[in-house]
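According to TrEMBL:
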SIGNAL    1-26  signal peptide
DOMAIN    30-335  domain 'Plant heme peroxidase family profile'
SITE      Arg55  site 'Transition state stabilizer'
ACT_SITE  His59  active site, proton acceptor
BINDING   Asp60, Val63, Gly65, Asp67, Ser69, Glu82  Ca(2+) 1 binding site
BINDING   Pro154  substrate binding site
BINDING   His184  heme b binding site
BINDING   Asp263  Ca(2+) 2 binding site
Amino acid sequence: MAKVNTGAALLSLCLLLACSAGGTTAADVDVEATVRTEVENAIKSNPGVGAALIRLVFHDCWVNGCDGSVLLDQTPSGSNTEKKAINNIGLDGFSLVDTIKSKLGNSVSCADIVVFAGRDAARYLSGGKIAYSVPSGRKDGIVSSAAAADAILPQSTFEFQQLKDNFAKKNFTQEELVILSGAHSIGVSHLSSFQDRLNDTTATPINDSYKQALVADIEAQKNSQNTQDPTEKNNIRDMSLKFQNDSGYDTTGVNTAAKGALDNSYYHANLQNRVLFKSDWVMRTDIKAGGDMAEYMNNATKWNNDFAATMVKLSKLPAEGSTHYEIRKNCRVTNQNQGF
Ligand code: HEM
Ligand SMILES: *[C@@H]1O[C@H](CO)[C@@H](O)[C@H](O)[C@H]1NC(C)=O
Ligand SMILES: *[C@@H]1O[C@H](CO)[C@@H](O)[C@H](O)[C@H]1NC(C)=O
Ligand SMILES: *[C@@H]1O[C@H](CO)[C@@H](O)[C@H](O)[C@H]1NC(C)=O
Ligand SMILES: *[C@@H]1O[C@H](CO)[C@@H](O)[C@H](O)[C@H]1NC(C)=O
Ligand SMILES: *[C@@H]1O[C@H](CO)[C@@H](O)[C@H](O)[C@H]1NC(C)=O
């Protein structure tokens with residue numbers, strides 16, 4: 001387990017200042033335990049932050065590798081950072097990353113915090129069934145571009161071939177695309193990310209009862225969330241009993257009590273045409289991907305294991321594209337820009 005030995009720093013300070021050894025207690029900060037505690041407490045008070053942290057790993061590591069670039073508000077180049085990308089709509093978890101950073105100080109990179117926090121969210125939201133180790137030692141980059149994030153991240157309107165190509169560029173297989181998409185068992189989406197599915201000119205097959213229930217709920221959400229682009233829950237499992245009944249949702253094999261859980265219920269929903277994104281649905285158009293989805297639907301353990309292994313692979317994508325790497329003092333700005 002990674003430890004930051006603040007003791008050594010305190011000791012040398014004491015030698016310089018000739019202070020008494022008994023005066024200060026040099027505490028080791030246990031990095032991974034600190035991240036885990038902060039993540040679990042945050043999810044307990046705000047369940048939605050867990051989904052945000054898991055998505056953050058994907059959106060950080062896919063663009064320039066795992067380098068904390070998704071966290072930046074400002075870079076030396078002054079261009080719009082990844083946060084401003086259209087594909088990053090709804091991205092969240094930043095203030096929790098700041099809180100964790102404030103507890104860990106200057107020897108832990110923001111990139112490591114993103115990877116550890118996503119890992120701990122996955123473990124917590126799966127009731128401990130998705131548990132994996134990832135190495136530490138990532139460095140933070142100084143490049144972050146909204147245009148690059150929009151060019152590199154996959155979109156919910158992609159065709160199957162586009163999704164496959166997108167994953168292949170990062171050396172991820174079609175099966176790994178199927179596995180990681182299972183993360184859509186949790187969290188929420190904005191209407192703008194799935195409205196193509198509700199429009200007769202652009203719609204890809206979606207169960208009609210589900211679509212009608214969704215359209216009605218969207219109107220209710222526009223009022224209660226007071227916006228024309230409200231969010232809906234990604235997983236029909238997390239919707240009300242009335243919504244599920246109105247949609248004709250078949251709950252066979254789904255643990256409906258486990259609302260908000262990261263599990264294989266995404267495959268049940270997808271194979272019933274009751275998912276939000278076209279990018280989810282299109283995987284059904286491929287015989288091999290459809291078969292893999294059926295396998296994951298029928299074998300929860302297999303998905304837990306394969307999801308964990310693929311998250312490890314994602315968390316190891318090497319940083320690229322920066323001329324210089326550092327451990328940021330503040331996850332939102334490069335060290336060169338501190339104080340601006
Ligand atoms: C395969 C291509 C993918 C596409 C096209 C896609 C697209 C999207 C979109 C459009 C949203 C909703 C954003 C919004 O409107 O607020 C979303 C949410 C989400 N995605 Fe994906 N995604 C993909 C893969 C992944 C992967 C690989 C992961 C993680 C391993 C992931 C995890 C999530 C999570 C957890 C949410 C919910 C976030 C929250 O509630 O804060 N997605 N995704
Ligand atoms: C590509 O992915 C495969 C399968 O996950 C892995 O075994 C291999 O090491 C990866 N290659 C590179 C160059 O990352
Ligand atoms: C449906 O999609 C078509 C084609 O993109 C667009 O012209 C039309 O405005 C959309 N209708 C609604 C109600 O959003
Ligand atoms: C929607 O699902 C219901 C219940 O499973 C089914 O009877 C109906 O045929 C489906 N309709 C469409 C258009 O998928
Ligand atoms: C469930 O749906 C059926 C029609 O599909 C409806 O008759 C019934 O009232 C619904 N029950 C609840 C509890 O919403
Ligand atoms: C489910 O997957 C696990 C892990 O891959 C495997 O060991 C087990 O045999 C599978 N169970 C069934 C019923 O196929």
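Positions of Cβ are set from backbone N, Cα and C atoms, glycine also.
Note that TrEMBL annotation is computational and uncurated.
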Rounded Cα-Cα span from His59 (active site, proton acceptor) to Asp67 (Ca(2+) 1 binding site), Å: 11
Validating a neighbour-count step here. Other CB atoms within 10 A of the CB of Arg55 (site 'Transition state stabilizer'): how many? 22
If you measure Arg55 (site 'Transition state stabilizer') to the residue listed as 'heme b binding site' at Cα, how many Å is it? 9
Whose Cβ lies within 8 Å of the mean position of the Cβ atoms of Asp60, Val63, Gly65, Asp67, Ser69, Glu82, the Ca(2+) 1 site, other than those residues? His59, Cys61, Trp62, Asn64, Cys66, Gly68, Val70, Ala111, Gly141, Ser144, Ala319
So which of His59, Val63, Ser69, Asp263, listed as recorded positions, have a Cβ under 6 Å from an atom of ligand 1? none
Counting only residues 6+ away in sequence within the same chain, which have a CB under 8 Å from the CB of Pro154 (substrate binding site)? Asn87, Gln162, Leu163, Asn166, Phe167, Ser279
Taking the Cβ of Asp60 (Ca(2+) 1 binding site) as the centre, how many other Cβ atoms fall within a 10 Å radius? 31
Looking at the recorded positions His59, His184, Asp263, which ones sit with their CA no more than 10 Å from the CA of Ser69 (Ca(2+) 1 binding site)? His59
Using Cα coordinates, what distance in whole Å links the residue listed as 'Ca(2+) 2 binding site' and the residue listed as 'heme b binding site'? 9
Which ones in the same chain are close to Val63 (Ca(2+) 1 binding site), with CB under 8 Å and 6+ residues apart in sequence? Ser69, Val70, Glu82, Ala148, Ala149, Ile152, Leu153
Write down the Cα-Cα distance for Gly65 (Ca(2+) 1 binding site) and His59 (active site, proton acceptor), rounded and given in Å. 9
What whole-number Å value do you get for the CA-CA distance of Asp60 (Ca(2+) 1 binding site) and His184 (heme b binding site)? 17
